[in-house]
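Each remark here refers to the structure printed beneath this line.
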Amino acid sequence: MVQSSNEKYNNPLYLDGQLDENITVIKKILGNSSDLIIRKSRIGRLNHPFALIYIKGLINEDLLNKNILRVLELNRKHIHSNLFDHVYEEIIAIAEINRSKEMKQVIKTLLAGDTVFLLEGVSEAALIGTSGMEYRALEEPQSESVIRGSRVGFIENFKINLSLIRQEIKDPNLRVDMMEVGTHSNQKIAICYIDGVVREDLLQEVLRRVKTIDIDFAPDSGFIEQWIEDNLLSPFPQILDTERPDRVAFNILKGKIAIIVEGSPFALLMPITFGDSLKSIEDYNQRWLISSLLRLLRLFSFYMTIFLPALYVALISYHPELIPAQLLFTITAAREGIPFPSLIEALILVFFYEVLQEAGTRLPYKISQTIGIVGGIVIGQLAVMAGIVTPIMVIVISLTAICAFTIPNYSFAIGLRIVRLATIFAAAILGLYGIILVFIMIYVHLANLKSIGVPYTQSFSPGNLWTLENIVVRAPITVLSKRSFQPFLKSNKKKKDGGSVK
Amino acid sequence: MKLYKNNESIQDKDIMFAVASNTISITILFLPRYITEHTVSSDGWIAILFGGLIALLLGWILAKIAVSFPNEPFLSFASYLVSKPVAVILCFIFVFQYIIISSFQMREMATLSQEYFFDRTPLEVVCLAFILVVIYAVSGSKMAIFKLNILFFPFVVGGLTLLIIAPMWAIKLENLLPVFQTDFKGLQSGTISSLNAFLGFGIVLFYISLIKKPEKAAKMTVLGILFPFTFYIIIFIICVGVFGNATVKNLYYPVFELSKIISIPGIFFERFDSILFIIWTIIVFTTCLMAFDIAVMLINQLIPKLAKQSIIFILSPIIFFLAMLPKNFIQINNIAKYMAYLEIVYIVFVIFLLGTMLLIRGRRTHDSL
């Protein structure tokens with residue numbers, strides 16, 4: 001934006017010696033915006049004019065008044081050395097301070113919420129780190145709650161988010177590479193990894209992809225995810241999003257790369273494999289037996305949520321002989337008087353469920369409870385009583401929905417809806433055979449899928465079969481840590497190639 | 001993603017899974033029938049033992065030939081060994097063979113499904129849906145094909161284990177006795193019949209070139225054959241033990257009939273064979289997929305200019321059409337038998353030819369490249 005206005009208005013690239021000239025240019029570039037505050041004053045005793053420029057609301061005004069404006073105006077010293085250097089080094093009582101001669105840099109700093117200090121007769125500006133916007137307090141993550149584990153989630157504040165990761169990993173090898181995206185928003189994004197643990201080729205690939213991002217504004221890290229992911233058509237996310245700093249820390253210690261986007265409470269983790277989406281950080285916090293059982297339960301739920309409604313449709317419409325006789329009688333009795341074939345019945349309920357879920361997500365919390373009552377109890381029960389759907393179908397669809405909720409990653413779970421729908425149609429067309437074919441297709445797709453060039457099913461290759469102990473089950477921590485990487489030890493050369501991606 | 005070739009490379013252990021899942025094909029469903037035709041009571045296991053041992057030897061030699069030319073496609077090293085025109089002919093016969101295998105597998109699976117499950121669904125629909133999925137898989141990367149073998153392996157092993165364990169109670173000892181009654185001629189024919197079920201190891205000739213460091217490939221091939229080897233012997237004994245020699249001879253799919261007698265109390269599905277049908281579809285899928293893939297790969301070597309997608313586009317209607325050609329069980333059965341003999345003769349011929357030439361000409365030295 002600055003670049004284009006430079007061309008448009010032919011603005012100077014560098015600061016001028018004249019204070020007023022500089023102010024006019026800055027005003028012109030920012031279009032004399034009303035929240036642009038220009039405070040002109042004079043340094044005490046010397047009577048030398050200076051100006052402080054900032055954007056209202058973005059900065060901590062208290063800090064500005066006390067540590068800059070006041071000390072400058074109340075100056076009682078005679079200064080014999082270079083005045084600008086003296087102010088820069090000694091008077092301004094703020095730790096984060098930079099200097100620049102470039103107009104572009106000045107404007108950028110201004111927009112980022114810092115204060116620009118200009119002095120008459122000096123073609124240089126001091127850029128003072130006063131940014132201090134209001135932010136949300138640290139809260140428990142909404143999308144990934146745990147019973148046992150840290151209660152802190154990321155917030156919209158970039159600096160806080162980064163410090164949360166630093167707090168978890170006090171390792172000198174933790175690297176944070178800053179980049180900017182958004183031609184209009186100029187958002188910072190941080191690429192975090194542990195030097196020596198991360199695979200260099202993966203890091204370069206991530207950096208290369210991030211550099212190609214060409215958007216105006218990223219409201220959330222989801223924009224970044226969709227820009228750098230491998231396969232646009234896949235229902236499975238190839239990049240993991242998480243609200244939990246402990247999960248990010250845990251994963252980057254395993255050699256993954258995290259991306260944090262300014263203004264987004266969701267960090268991105270890459271590359272991931274199939275198992276990562278089915279893991280919850282709590283698995284590691286609870287003891288291994290129960291965690292393993294829960295992992296198996298989740299894996300089972302994953303299959304249930306995809307195949308259960310389809311299986312029911314297939315059995316009812318094509319293979320009633322496969323259902324045990326007593327159950328078949330019950331189902332047939334229930335289906336008596338139902339006007340729709342089982343496919344339509346399933347579709348009605350799936351549609352109904354999706355609508356309820358969507359309505360519940362978008363509405364304010366208090367109304368969404370009403371939706372639950374109206375939708376779940378009233379319509380659900382009445383639809384059965386009115387003879388539109390069978391109670392067994394309601395059970396099947398509810399069970400499917402509940403199974404989907406056991407998947408810890410929301411993005412992964414919602415992708416499965418598409419697969420579920422496809423399976424229902426396949427079952428309606430070819431019965432059990434159709435389900436088998438869809439099952440094979442899902443596997444073919446997963447085998448072809450990649451996350452940042454790493455196969456999505458990496459853990460299922462013969463060299464890495466040991467990683468399954470951490471996917472299908474969760475082996476005891478003492479066993480896991482033997483193979484997992486120790487950050488400060490240099491012995492990571494022993495590790496197998498690709499083994500760091502767990 | 002050329003950047004990650006090293007990531008994608010196929011390891012020698014992958015060959016083990018590929019050989020195992022390619023060898024276990026639909027053939028196993030009627031293998032006991034083929035063997036009991038020539039043998040008395042339960043003596044067929046001796047035939048399978050001999051067949052398996054021969055297969056292990058052949059597979060080992062075949063892998064050794066391929067390993068001698070690391071990272072070199074079949075056509076290239078075959079041309080070096082037996083001159084270009086002969087290699088091209090060999091290649092064409094292989095293409096023909098794998099097209100037939102792939103369509104035969106598909107047809108058998110469709111027949112099975114029609115016989116036991118979907119008597120109203122036309123064969124064409126079953127095959128069409130199946131081949132579409134196979135096309136989808138062939139269009140993906142080679143690595144994905146190997147990965148699929150591994151992903152499906154637990155299902156295959158699990159299903160086959162169930163198939164072995166569940167009918168144990170129905171074995172009657174009198175069906176298995178007396179032993180060692182078959183004469184040499186019967187055993188000979190039985191061995192040849194059983195060898196047919198092991199021919200899946202032929203893929204190593206083409207797939208070893210994809211492995212970066214194929215040192216252990218021969219060992220892995222042997223291990224890969226050992227899995228179906230053990231399984232065949234066990235399933236044969238169970239099959240004869242449950243049904244008796246005379247019945248097995250007259251059942252079209254004796255192994256599948258085995259799954260029909262299983263009943264597990266408390267299981268949701270009334271019929272156990274429907275669960276096993278999933279496993280059979282997967283088994284046929286992997287075999288059909290690899291056969292299709294090798295056919296595509298060989299054509300690609302013969303005509304490098306033709307894009308992979310267009311080869312798939314040309315081959316898939318041919319495979320579909322061939323699968324629809326036989327009119328009834330008898331025709332399929334006859335074709336299967338002739339094909340089996342031809343395949344055995346051909347693979348032995350190729351091993352003999354390439355092996356002898358390798359001994360005469362030696363490995364390719366660096367300057368002759």
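Every residue gets a Cβ built from N, Cα and C, even glycine.
A TrEMBL annotation is a machine prediction, not a hand-curated record.
Pulled from TrEMBL, these are the features on record:
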TRANSMEM  B:15-32  transmembrane segment
TRANSMEM  B:44-63  transmembrane segment
TRANSMEM  B:75-101  transmembrane segment
TRANSMEM  B:121-138  transmembrane segment
TRANSMEM  B:150-171  transmembrane segment
TRANSMEM  B:191-210  transmembrane segment
TRANSMEM  B:222-244  transmembrane segment
TRANSMEM  B:275-299  transmembrane segment
TRANSMEM  B:311-332  transmembrane segment
TRANSMEM  B:338-360  transmembrane segment
Original post:
Do the transmembrane segment (B:191-210) and the transmembrane segment (B:338-360) come close, with at least three CB pairs under 8 A (pairs 6 or more apart in sequence)?
Top reply: yes
**OP:** Between the transmembrane segment (B:150-171) and the stretches B:15-32, B:75-101, B:222-244, B:275-299, work out which stretch tops the count of Cβ pairs under 8 Å.
**Re:** B:275-299
Subject >> Highest-contact recorded stretch vs the transmembrane segment (B:222-244), from B:15-32, B:75-101, B:275-299, B:311-332, CB pairs under 8 Å >> reply: B:15-32
**OP:** Rank B:15-32, B:75-101, B:275-299, B:338-360 by Cβ pairs under 8 Å to the transmembrane segment (B:121-138) and hand me the top one.
**Re:** B:275-299
Subject >> the transmembrane segment (B:311-332) versus listed stretches B:15-32, B:44-63, B:75-101, B:275-299, B:338-360: most Cβ pairs under 8 Å >> reply: B:275-299
Original post:
If you count Cβ pairs under 8 Å, which stretch among B:15-32, B:75-101, B:275-299, B:338-360 touches the transmembrane segment (B:44-63) the most?
Top reply: B:338-360
Original post:
Taking 3+ C-beta pairs under 8 angstroms (sequence gap of 6 or more) as contact, is the transmembrane segment (B:338-360) in contact with the transmembrane segment (B:75-101)?
Top reply: yes
